[in-house]
């Protein structure tokens, strides 16, 4: 048998012929380098082309609106429609956040009551006695020792709330009473999962135990008529905010509590930064991918909006009509409904968004109705309104105002020759915590976007 050659045939094939000059060798190396560079450029081009093709197949939606407008809740509703299994698999990660919402609101109530008691002790309210001008009696509606005892019994909750806040933000500092913010890149669900067997697990168990043991005391404080009047006087109305669970404490604080879809949608964890959520929308003939971009709504974060205007197919703008009697947290002198209309004005007339469709959600109609039924006068805050203090009439008026603003913006775009003849606008009255009606609205939005995509593709 012939001896097997120890030489690598590939190496032998690549060897230059004997007698090859230095110049030839250099030229060959140069050609090889050029071929490799060309190959790399082709690979890069193919990757870019694939990325562009994928981006072209995507529908990019930009969620806009001021802080507290309901963007996060609407995004949860969209995930319920298009990523329901994933959404429901995450539900068991939400009890710590829901319990944190309870802790934070309870802590706020405790601090307000304690401050009121201190103020009362410093300046005790009195009224003249019928029998003598010298003898005074406590004014009805003042705080008593019972309120002091309730606050004292709930005092440990303040430390638990502070510990939970510190754990969420990974920070050693937070001012008392200030709401915790987490960056959008901080995946708190994965964080809780990754440290399931460490102090995080112990903290969750401790929070659950403390809340379960304090349920009746919290309920007693929350439903106390003097406390409720104080909260109303202070302008603190947690029942109108996301993350309100104080009317469901017995269920929420049960040791075997498991959140519902509605609980997850109600839960609040304030985020700062940009989040992108990919949703797969299934169609009779395949699917399309939606990329939903949620950007911060506070005034300090609005400068980050403009870079996301490019290549966006539709703007989903949320205007909370229930905020007619509220002001911005950042600028207390600015009415929130007026701020929403100013934002809508900018969006409607922006040349960068001239080709983007506009989806207008006149949101939080349920809270608007409750406020009007309690006797809060819409016309006292919106001076141009002269109609009845009725939810349907107010909604009709505000829809007309927003559509009028849109038409004015469209005229400006026409003057600058930036207007698009294919641009559509759809408006809806929404309550993001009404999951059934919100699902119907989302399906109507899907139908509009799908119809537009097919039209642009010359398929209809």
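Positions of Cβ are set from backbone N, Cα and C atoms, glycine also.
Given the ranges 1-22, 23-44, the record in TrEMBL names 1-22 as region 'Disordered'.
Between the two most distant C-alpha atoms of the annotated GTP binders (68, 69, 70, 71, 72, 73, 363, 364, 365, 366) there are 17 Å.
Reduced to three states, the DSSP call for residue 68 (GTP binding site) is coil. Cβ neighbour count for residue 271 (Mg(2+) binding site) (all protein chains, 10 Å cutoff from its Cβ): 17.
Of the recorded residues, residue 68 (GTP binding site) and residue 271 (Mg(2+) binding site) place their C-alpha atoms 11 Å from one another.
Ranking the binding-site residues 72, 363 by the number of CB atoms within 10 A of their own CB puts 363 at the top. Closest to residue 271 (Mg(2+) binding site) by Cα-Cα distance, out of the binding-site residues 70, 72, 363, 365, is 72.
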